[in-house]
Amino acid sequence: MSVFGLQRLYIGGGYVDATSGKTFDTFDPATGELLAQVQQASAADVDRAVASAQEGQREWAAMTAMQRSRILRRAVDLLRERNDELAALETRDTGKPIGETLAVDIVTGADVIEYYAGLATAIEGLQVPLRAESFVYTRREPLGVCAGIGAWNYPIQIACWKTAPALAAGNAMVFKPSEVTPLTALKLAEIYTEAGVPAGVFNVVQGDGSVGALLTGHPDIAKVSFTGGVETGKKVMSLAGASSLKEVTMELGGKSPLIVFDDADLDRAADIAVTANFFSSGQVCTNGTRVFVHRSIKDAFTQRVLERVKRIRVGKPTDADTNFGPLVSAAQLDKVLGFIESGKAEGAKLLAGGTRLTDGHFGSGQYVAPTVFGDCRDDMKIVREEIFGPVMSILDFESEDEVIARANDTHYGLAAGVVTENLSRAHRTIHRLEAGICWINTWGESPAEMPVGGYKQSGVGRENGITTLEHYTRIKSVQVELGRYNPVF
């Protein structure tokens, strides 16, 4: 018997049964308890969701921008009213500590919807005079039906981040959450409907990557916004282009450098490094897992990091005192443990953690101890590949030019950060780092106003910020001739 019972699809403003006859299970990563059986969408269900979205989008786009803005603001109010309920569900589904989900996941999702609700009325075109009797004007029009494909680490936040600009611009969205964490996207659908979003404007289909492929290849979808791994992202981009030249936004993986210079405040640097590696049990795409520390301060910095790691409170995610929970699944646990063994085998010095936690209640969950490796080299697997778990690699460096070259020596380019008291060095270094999201003397905050996305193979396009709204519209150019038409023939 599952905790939440059978979960259906959400299409056309309400719950409907999938036609596939298939279900999949979702589990509590802290206890192994069966949370729900979830119906998997078929190709016919995806077609139904897209058709429903097309119908709803026509009604939604016909509303004034102010009407859409007011409805989205009501959704924000409902999200905030239900913050505690949604946070508790997100904690069960992801294994994140309740203190984290209460303060971050729904809060930041609501903030982004509120931000774009405010921008909905600011979507406007241009008027360009050509000559006395002729001018051009432009219109920004919605794309139509968009697809959103979410990741398992921030389920409801990602759903909010993808729907907010899409809906603000007058589009509809068919959303597929990760099959690992499928529950809270359905609650967001309920909230949008209660707020007054027309039926079909936000539909949720469930399933694995095959359902994502159906969305990506669907001829009636105009844009795909995907969050996930690099290899899957390449497949999404290929299928989106091959099917109908869809627009794509992709936020992919990272192996981000955090550079600690010799003039850094060591306590601040250690605090930043621990947050940048162990928040959300290390399951954050922007984590600063390659920690480059100037050789002259490496020992003192490492000591401070280890002191802070000892203070991490690993425990049950539902306990208010816990600030470090399990990994999201058994598969993710096995992957992370494999990387840890690789680090040991390649000669990295294990300074903390490095094991699965199995004592007491930990034994039924997917827990791994916060892990720190020292004496790391650039060619090690734990340094070059994205782990997506609580594994910090400490490397030393001598010069600014050297560390910048090493930091950039990766096919990733999602995030980067520096810790230094020298303002000139901070900006000089950041300007040379090949990363789309950068922090100086801090790490990790992604406010609604800040565009989020990567360089290189870490992504295409951006989430959040004003620029993202533009990419959920298309420009129509119109020339108006007030004078006499001069025929060619």
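In case you wondered, yes, glycine gets a Cβ from its N, Cα and C as well.
Site annotation (Swiss-Prot): K(+) 1 is bound by Thr26, Val180, and the candidate from Asp77, Asp84, Asp93, Asp111 recorded at this site is Asp93. Per Swiss-Prot, the NAD(+) site holds Gly150, Ala151, Trp152, Lys176, Pro177, Ser178, Glu179, Gly229, Val230, Glu231, Thr232, Cys285, Glu386; the candidate it also names there, chosen from Gly196, Gly253, Gly365, is Gly253.
It is 10 Å from the Cα atom of Lys456 (K(+) 2 binding site) to that of Val230 (NAD(+) binding site). Counting other Cβ atoms within 10 Å of each Cβ, the binding-site residues Val230, Leu245 show the lowest value at Leu245. Checking each of the recorded positions Asp93, Lys162, Val180 against Glu463 (active site, charge relay system) by C-alpha distance, the shortest gap belongs to Lys162.
Other C-beta atoms found within 10 angstroms of the C-beta of Glu463 (active site, charge relay system) number 25, with every protein chain shown included. In terms of Cα distance, the recorded positions that sit within 10 Å of Val180 (K(+) 1 binding site) are Trp152, chosen from Trp152, Val230, Glu251, Cys285. Neighbour counts were taken as the number of other C-beta atoms within 10 angstroms of each residue's C-beta; across the binding-site residues Thr26, Thr232, the minimum falls on Thr232.
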